[in-house]
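Before any comments, here is the structure.
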Amino acid sequence: MEDGPPSTSCFRRFTDCFLGSSRYTYYFSCVLLTKVCMHVYVFLSCVQQYQDTNMQSVVYELNSYMEHRLDTGGDNKLLLYELCNIIKTATKADGFALYFLGECNNSLCLFTPTGAKEGLPGLIPSGPITFGTTIAAHVAKTRKTLLVEDIMGDERFPHGTGQDSGIRVHSVLCLPILTAIGDLIAILELHRHLGRERKCWYFFLFIFRSQVCRGLAKQTELNDFLLDVSKTYFDNIVAIDSLLEHIMIYAKNLVNADRCALFQVDHNNKELYSDLFDIGEENEGKPVFRKTKEIRFSIEKGIAGQVARTGEVLNIPDAYADPRFNREVDLYTGYTTRNILCMPIVSRGTVIGVVQMVNKLGGSAFTKTDENNFKMFAVFCALALHCANMYHRIRHSECIYRVTMEKLSYHSICTSEEWKTLTQLSLPSAIYKEIELFHFDIAPFEELWPAIFVYMVYNSCGKTSFEQEKLCRFTMSVRKNYRRVPYHNWKHAVTVAHCMYAILQKTTGIFTELERKGLLIACLCHDLDHRGYSNSYLQKFDHPLAALYSTSTMEQHHFSQTVSILQLEGHNIFSNLTSSEYEQVLEIIRKAIIATDLALYFGNRKQLAELLATGALDLNNRAHRDRVIGLMMTACDLCSVTKLWSVTRLTANDIYAEFWAEGDEMKKIGMQPIPMMDRDKKDEVPQGQVGFYNAVAIPCYTTLSELFPPSSPLLTACSENLAQWERIVQGEDTSAWASNDKWTTESVAPVPQCHLHPARDTGLPVDSPTSCRDRRKCRGQAGKDTFRKKKQNIMLPQLVTEAYTLMTSGLPR
């Protein structure tokens with residue numbers, strides 16, 4: 001115990017003046033009556049006033065001294081001791097004792113000012129922090145202020161104050177000194193001797209001010225650091241090592257450690273690993289971390305392994321005295337470890353890393369305060385490690401993606417033999433006139449489809465519109481990127497392109513060369529990489545394409561595939577255009593392909609019909625022109641309904657093969673498909689076709705014929721096919737449609753061979769006159785021929801199964 005002899009320091013002068021003024025006595029009482037000042041209710045006794053002291057100068061001197069001591073980082077223990085001496089005087093106590101925490105934070109040490117002038121204050125061990133010993137140990141355990149009027153008669157403290165000074169202590173006021181965040185720093189013990197008048201004791205404001213200032217400074221420092229780290233992460237996300245290094249530097253400063261290590265946890269192999277090490281050097285005042293060969297060790301070894309397994313914080317004052325310490329790390333690094341503070345980094349309830357602080361600087365061991373500060377900081381370390389792991393997985397996925405794309409491009413790009421063969425192909429002379437007709441059927445000329453497209457491009461846009469090699473490369477690669485599905489395949493692409501070609505040939509002078517180029521390419525590519533499933537199916541089953549494109553899912557994918565092929569080496573058929581023209585033609589292609597989404601057709605046709613009815617249509621208006629092109633794309637996409645009946649009927653088989661395959665997939669998971677996609681309702685197909693023609697096809701071709709009268713043959717042919725479906729619905733023609741379990745085609749009597757279409761035995765009915773110039777004549781010849789082809793039955797379920805297998809496996813039929 002210290003009796004506190006009179007002092008001539010500024011603190012004693014301030015105390016005397018402070019207590020000698022009734023005005024300041026009232027102010028001091030009001031301040032100390034707050035909850036902030038350790039919940040002690042006080043009031044001051046009036047004492048004699050010192051008339052010869054300048055109060056303002058003393059207060060100024062005191063504040064200047066305290067700010068100087070706090071800013072220059074003076075000895076906190078000695079500073080706190082002097083402040084406690086002032087409290088002792090302010091409370092009229094006979095003496096006081098100041099205790100600090102021991103090395104492991106589980107004991108108390110009495111502070112003595114011996115040698116304080118030389119900067120060598122001493123700490124005397126006073127006993128463990130536990131109940132049933134001294135009042136100071138009790139308060140350290142509970143962290144609550146305690147006033148005992150008769151210490152000798154209180155059974156809770158058999159050792160009293162624990163100090164043998166030869167003076168009988170009667171009353172004791174014991175207060176814990178805490179930081180702003182609740183960490184225990186010291187214990188102040190004020191006492192009065194037996195026989196003194198009982199008075200309330202007071203706590204001084206500057207203790208609280210000191211701790212608040214330090215707490216706020218530490219919190220501000222931490223906030224500034226977190227802001228810096230956030231900027232580092234978002235400004236340079238790829239440099240994850242830089243982020244980890246930044247965190248480790250601050251972690252060292254936070255707990256005043258000599259070295260820092262950060263280990264990540266490999267749960268699969270049950271190992272800890274790291275490749276970033278603190279080498280103990282500095283560069284411009286900052287620690288240097290070196291990325292070296294990765295080291296790994298078992299999670300069953302060492303203190304870090306213990307923390308990784310249990311998720312508990314470990315504070316080891318003597319590393320080599322702890323059997324859990326793994327000496328292999330010191331042997332590897334050549335560094336001697338004295339004490340360790342090891343903290344788990346937890347993310348989503350799992351330990352993903354361990355931060356290990358080694359060798360406390362300026363102290364014999366890490367304190368409880370270090371633990372608390374580091375716990376708060378560990379949350380941000382978890383975020384950094386989580387980001388590091390995510391970045392690693394992303395980089396790994398990118399590598400896999402690049403390898404996959406490389407393999408895919410190899411198999412999706414045409415070979416040199418393929419495009420060179422295309423350059424040498426020539427069309428039969430008789431086919432040139434047939435290509436100009438709307439009802440031209442490309443089916444018999446499968447080997448010539450690429451050549452037909454190249455011919456249509458050059459005939460519509462001019463021989464110099466595209467480089468031959470690039471156009472041939474592009475065409476053959478597009479063919480390779482169409483999947484072998486029943487309907488949305490390469491045949492459909494060339495058919496749609498031919499319909500657009502026929503329309504453009506009948507509407508010369510309306511569309512620019514750039515538009516003609518864009519529309520022909522858009523038609524050829526409008527169903528690239530189609531999987532045989534509708535947009536609603538992809539969205540309903542959360543397909544990755546639906547996540548990429550929320551609207552017009554497949555159409556946006558088709559355009560993306562088109563651009564991908566254009567970007568391949570030797571495939572950019574628009575390389576001769578200026579940058580402005582290139583952007584224009586890509587926009588034409590994009591809008592045209594998106595327009596093939598039938599969900600957009602209805603609003604577009606309605607707007608066009610209103611513009612036509614009011615006479616407001618202006619093809620020089622960009623918006624009007626886009627609507628017209630959109631209607632043309634729909635008309636071309638549906639052009640199978642404008643072919644001869646035999647072609648239209650067979651195309652319907654392919655369409656429903658895809659529909660029913662999609663319906664089968666929905667049934668597998670217990671969902672009921674719409675009737676159009678339900679093979680169990682195939683008897684309703686004719687009625688469904690009648691509804692489709694009336695709601696979609698006929699209005700489309702009607703509006704198109706109003707826009708471009710030369711396209712009226714499309715409407716005529718569509719109307720004829722509608723009449724055929726209506727006859728089937730009315731039962732007037734049952735031979736053309738079978739409603740039983742087998743899809744049975746009618747017995748077809750082949751006509752004498754046309755000069756364009758030699759009869760082929762393909763297993764499917766082939767109506768060779770579909771593209772003859774004189775359709776009526778061919779039909780008449782067919783009726784007169786006496787040769788009857790053997791009736792063939794095609795099992796529709798088998799056809800659909802085969803089509804679905806091809807869609808999922810990608811194997812050639």
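Just so it is clear, glycine is given a Cβ too, placed from its N, Cα and C backbone atoms.
According to TrEMBL, the protein has these features:
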- 415-732: domain 'PDEase' (DOMAIN)
- H488: active site, proton donor (ACT_SITE)
- H488, N489, W490, K491, H492, D527, D637, Q689: AMP binding site (BINDING)
- H492, H526, D527, D637: Zn(2+) 1 binding site (BINDING)
- D527: Zn(2+) 2 binding site (BINDING)
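Counted over every protein chain shown, other Cβ atoms within 10 Å are most numerous around D527 among the binding-site residues D527, D637. If you take every residue in the domain 'PDEase' (415-732) and average the pLDDT, you get 94.
On the backbone, the CA of Q689 (AMP binding site) and the CA of H488 (active site, proton donor) stand 18 Å apart.
Other Cβ atoms within 10 Å of the Cβ of K491 (AMP binding site), summed over all protein chains shown, number 16. Under a cutoff of 8 A between CB atoms, and with a sequence separation of 6+ in the same chain, the neighbours of W490 (AMP binding site) are W449, R479, Y482.
Take the CB of Q689 (AMP binding site) and look out to 10 A: across all protein chains shown you find 26 other CB atoms.
When the neighbouring Cβ atoms lying within 10 Å are counted for each of the binding-site residues (H492, H526), the highest count belongs to H526. A straight line from the CA of D637 (AMP binding site) to the CA of H488 (active site, proton donor) spans 10 Å. It is 6 Å from the Cα atom of D527 (AMP binding site) to that of the residue listed as 'active site, proton donor'.
For the pair H526 (Zn(2+) 1 binding site) and N489 (AMP binding site), the Cα-Cα distance reads 10 Å. Within the same chain, residues at least six positions away from N489 (AMP binding site) with a Cβ under 8 Å of its Cβ are Y482, R483, D527, H530. Under the DSSP three-state reduction, H526 (Zn(2+) 1 binding site) is assigned to coil, being neither helix nor strand.
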